[in-house]
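Enquirer: To start, I am sharing the structure in question, which I have written as structure tokens.
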């Protein structure tokens, strides 16, 4: 290895610690240079001077060092942490020290005092041994010198800092005394866990590393300091010490975080988090920008909105005014004139000119109160509270309440836009960046750990206890399925339980249990007898581990059937778990579920480590939360009981766990900030809650996704095989397909007109698709081409195959090759070259078989058995539409002009059909018929109306379209049959439902049933034809991915069904309660009781109160557990379970807290397995469909680098102006590094500070000062923009502002903000608070976005995150179509259903916009199950009628089908698709900092560094003087010669370049013998130098250079030249080492990445 070896001091000891790039490692040679070996005899154990005066020979330091090195000291430290944890737990369980004012009255106080005294002594000892900040071996003067030298480093140099001896100031360019590998763009450093000597408790690390250089030591030191501060504060006589006591008491408890190193597995998880910290910090910084931006928007748009509430005013003035809490408003109804009046201020003056939002009813006024809700803590009135509200929306739980609040107080559209953008941008887009970072970090850290473990040595051989096969074993093998079937039957019988079942059914179920348990007992005895006398085989064989499980289940299930246990109301229901657990044998016996579970649990150790890590984290955070908040939150707040107050350990754990699941976490936050309002502990508690929420949901939960995703990944060898088959399966000719994809085709025409490279690339792909070219390119000629029999391609199908029955009903007796695709087995082929040959030959042979089949069966290509390919009618139809799929056989070419006209007409009809479906809602139809003088179409109006006419017209047009396509290519029995296209199938289904709707309208005289009315929803599916990307997204997610999603659902059912039965056994008949809490037995729940409603007391009737969910039946049990999986309402189920008393007894608060174990357990499984399994399957399915899942790590890393390089644009500044003034402006504003740019950044930051200083209500004088400052800053920014306009060369205006979106945005926003600021400078203060003032301030907020391009880090993060924006927009459009489909369906079925208790004027399905708004809320999981209950209402609680327009009842089956299906499709599939898109586009942007050089990321990363890109831009600007973005072909060579490292391209590498050869041949003073001279050069010395050149290496370099040069030439754009991006994208292919061997060249990368996003090939 080529290294720079510099002299080092032998007496200097090096001890590397954690680096800036923690996962990158040193090469072995460097490790030998840096790392000393173990302390050998003769060398002192201690070196240097500790604390600058204690030498290594100091006897006290040596003595203390020996104490630290002793094993007993580690045991003592462990015991101390254990004691501290137990004491803290005891104090939290007993809720001690709740008053926070006293100390010393209980023994835990003294126990902790002793523990921390010991901690303090440990800290002192360690500091004496190893020093405090400086390492004992570090010279103080050298330390100061290096620090001063670091201050003069450039920004790029600081990025390359490494850590040696804990010092961060040493760099490869500025270091002496170290060995650094050349050519590495990422500085390789060492991690502490890489060597045993660097463990935290290791003596060498302790002796040579300063105390505070270790993160764990810093934690210990901080906790000790915090405890003594706590002790001083709590024993002081200060009155205002409650907050300080709580804060420092909680901080001192953080030392128990060392439990996270309990096992190697938890340490690995912790290491993966630490590895991801730099990337997580970058992502968090990026998100914080938009978080702050939206907070500023909230201040400008909704400040003061939550102060306006409806206040009832007694018209008779007998009662006091009553404020309707949480009913926000923007106006009120005048009881006299019945007009809408605007809200009023506290002094009675109108707040605005017109009413808005919710209108308070008569005799109520919309009044602005003095405070906001929750003790003035929930609002957008200042920056801190606005940040809190935005964070709540970002958490996607509780955001719908804020959206409804703002919709009531202001405008629905403003609330929807703000909340929608917040959820889409922050929650779905940016928040998912954490998953990409965590997944990468976890995989890399786990790989490093496993590699290290694998090198420790071989495992000891295991003893084989297997006995010989006997007849009994053979008999058992044959009869084992009988026992599995018996278990399945018993499970089905158990599911028939219900709370109202008869005694006869109960006896049958009990008899089934007895029979099953007895038979299984006999089975286990038979299995033991079959292994006798080799009884060890039964117990000790690893593959017979299930014997232990089955034996345990048999013994327990037999014991619990004993009458005393069976009759127990508590013990038996819980022990019935073992009866339910027997179903695992059915899961294992079923091949499909067994294989899927083996995949999910592939690395069960990883999942077990994560479970332990999460439980430890929950336990520790619960203790810390209890120490922080115990005794401060009241048990009752605002008239309601506070369920989460952290008053003891159990309640604290419930709160921490609830926050992690996001359900109701906003209420916990509001309760803390509201109840502690006026104290600093309120904000401390809010920060703690938000911090835990962020850490749990962005890091901890995502680790489970990373672990399960790792199990689904393919090996590198299998990826290479699969990518070949995937490319061949998805390769299609470049002819445009069928359909009316107007947007895509028009955009494609524009691209083809601009560039000639696109047709060239199409031709190249056509060439690559031919078998001979691909075979010649990929494979050596020495490998012989195997022969393939064409007849063997037509495979035989069994009667159990779908293709068999498809051929049976659609073809003749001969096997039809059009009805199947050849398949390949990846486990049978190990040689990639041979596999490629096989794939290509089979594909070619399959194509020939199809052509031969068409020739041998001419009737197969006849449409409707009568129209041959030569038919004029058929050929005319073929000119109108293209082939539905594949290639036409003997068909006519499509006329593109005629086809586009036809497509445009059809698309206009589709849009019109959808608009009519959205307009003709049930409400519209009802009032339409009432205006015509009839109640409905069935009662006097008849079926004929304008709606019927339009439906018939559109149906006729779409029927004509279908007929043209059928005539062109056939209906079902042709090579390109109409129905063999997925999209034609959807269109045909929509057409059929349209005709059914029309026909049933006449048959039913206009009153269709709910089921038939829902058919209108499918019309919106045809909108997917608008864009090809939307069609592809829908096809990949819904159609192709349906199978795997169903597989994941089945695996989830194997958990859901057993837990449903277990929950049925525990809670059957126990969730019912009485409205009167004073009643004990439900049988006495009769009569009336006195209850308070608002401020009045009423007598209410006692009645049963079912919470809307129960475990009374198996179906209800499945329903409630499915809702728990969605994490919605699970805390309500938890509360009901803990309040259970018994069957027939009324519930009491927290009567059976232990019942919460069931809810916690299933909820935890839902988070860890079920929900993450869906996410992982969707991510994997999308990755496989797009091809990313088949790429090796090196290929994918290069693809991600390619995405970044494609977004790089030239500077386009052009030549410097000749005019002096314009050149001055150019140098200050346009040129890179202009001095005014820094001032503009300061102005923007100052403007952010001004915006953050706004609050409501503000002083008039302060508002005027802010307006003046806004005017000044906007004027300065306008001046800057004008200078840029003046300084930019005239020839660059069009190119610059046409292609630079930031400058266009900058110019428009700055000009608009300055204009409005200038126009409103003399406007009265009241007018400034109106719409114009709000718009002006929003423009100032928008101006701050320009901080993104001003920051290098933010700019790169923005570019990287926006790489997924096109795919996200495509996904959003597809999702919008499904929104429209379900909105129409919900509207047609529930459009007239009465609004329930969980609905409102905005939460209903009365109109399509409101239906889509509610669907958006349910897509986030917000209260979807409670809304569903509103639409299951039945008589007598509603008006039931046979006439649809006269009924306002709901429908139980339709509600469950629609709500459950929408929850699965939207919340589980489409919402999680954001994760797939973000992961695909963002994951490897940071992975270059984590992975080792072995997979090539270190090589790839150097091409996307900011220095490399800037150097390329500088070289380009020197040639492209006019800033056009293109250069002529003749200047490509000049560009390549001027590129710096790592983009430099040379045939002769150093030291054999032209200049270096001449330099070596120069005559020097010491050289007297020389040959012929030319100037100062010795010509005769040149052959001697050239003789050492490796000619083979030069030939290979020349070949690669020529090939690269030709590829750059092929990128030429007609009439322009070579584009800016062409060399930048192509050069890295040829700069990567071993590119040809690793399939990273242009052609091979294109071959393996066949999706639309893949690299174009040649």
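From the backbone N, Cα and C atoms, a Cβ is placed for every residue, glycine too.
In TrEMBL, annotation is done automatically, which means it is predicted and not curated.
OK, TrEMBL features for this one:
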type     : residues  : note
DOMAIN   : 1507-1542 : domain 'EF-hand'
TRANSMEM : 219-238   : transmembrane segment
TRANSMEM : 279-299   : transmembrane segment
TRANSMEM : 412-438   : transmembrane segment
TRANSMEM : 548-565   : transmembrane segment
TRANSMEM : 680-705   : transmembrane segment
TRANSMEM : 983-1003  : transmembrane segment
TRANSMEM : 1037-1062 : transmembrane segment
TRANSMEM : 1157-1178 : transmembrane segment
TRANSMEM : 1302-1321 : transmembrane segment
TRANSMEM : 1327-1348 : transmembrane segment
TRANSMEM : 1357-1385 : transmembrane segment
TRANSMEM : 1454-1479 : transmembrane segment
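Tell me what's around each of these sites.
Expert: Within the same chain, residues 100-104, 112-113, 116, 119-120, 122-123, 211-212, 244-245, 248-249, 251-255, 257-258 sit at least 6 positions outside the transmembrane segment (219-238) and bring their C-beta atoms closer than 8 Å to a C-beta of that stretch.
Below 8 angstroms of C-beta separation, residues 242-243, 246-247, 269, 272-273, 276, 280, 377, 384, 388, 391, 395, 431, 434-435, 438-439, 442, 607, 610, 613-614, 617, 621, 624-625, 628-629, 632, 656, 659-660, 662, 665, 668-669, 672-673, 1167-1169, 1172, 1175-1176, 1179, 1475 of the same chain, each at least six residues beyond the ends of the transmembrane segment (680-705), sit close to that stretch.
Long-range neighbours of the transmembrane segment (1157-1178) within the same chain, counting only residues 6 or more positions beyond its ends whose Cβ lies under 8 Å from a Cβ of the stretch, are 600, 607, 610-611, 614, 657, 660-661, 701, 704-705, 708-709, 712, 1037, 1041, 1044-1045, 1047-1048, 1051-1052, 1055-1056, 1059, 1062-1063, 1066-1067, 1121, 1124-1125, 1127, 1130, 1133-1134, 1137, 1468-1469, 1472-1473, 1475-1476.
Residues 282-283, 285-286, 424, 429-430, 433, 914, 917-918, 1014, 1016-1021, 1023-1024, 1026-1027, 1029-1030, 1032-1034, 1037, 1203-1204, 1207, 1348, 1405, 1408, 1411-1412, 1415-1416, 1458, 1462, 1465-1466, 1470, 1473-1474, 1477-1478, 1480-1482, 1485, 1653 of the same chain lie 6 or more positions beyond the ends of the transmembrane segment (1357-1385) yet place their CB under 8 Å from a CB of it.
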Enquirer: Summarise the domain 'EF-hand' (1507-1542) by DSSP state, stating how many residues are helix, strand and coil.
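Expert: Going through the domain 'EF-hand' (1507-1542) residue by residue, I get 23 helix, 2 strand, 11 coil.
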Enquirer: Please check if the transmembrane segment (1327-1348) comes into contact with the transmembrane segment (412-438), where contact means 3 or more CB pairs closer than 8 Å and the residues in each pair are separated by 6 or more positions.
Expert: no
Enquirer: Find the member of 279-299, 548-565, 1037-1062, 1302-1321 that has more C-beta pairs under 8 Å to the transmembrane segment (1454-1479) than any other listed stretch.
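Expert: Most contacts with the transmembrane segment (1454-1479): 1037-1062.
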Enquirer: Six or more residues out from either end of the transmembrane segment (1302-1321), which same-chain residues have a Cβ under 8 Å from its Cβ atoms?
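Expert: Residues 1267, 1270-1271, 1274-1275, 1277-1278, 1281, 1284, 1296, 1327-1328, 1332-1333, 1335-1336, 1339-1340, 1342-1343, 1345-1346, 1349 contact the transmembrane segment (1302-1321) from elsewhere in the chain.
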Enquirer: Pop the mean pLDDT for the domain 'EF-hand' (1507-1542) in here, whole number is fine.
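Expert: Looking only at the domain 'EF-hand' (1507-1542), pLDDT averages out to 83.
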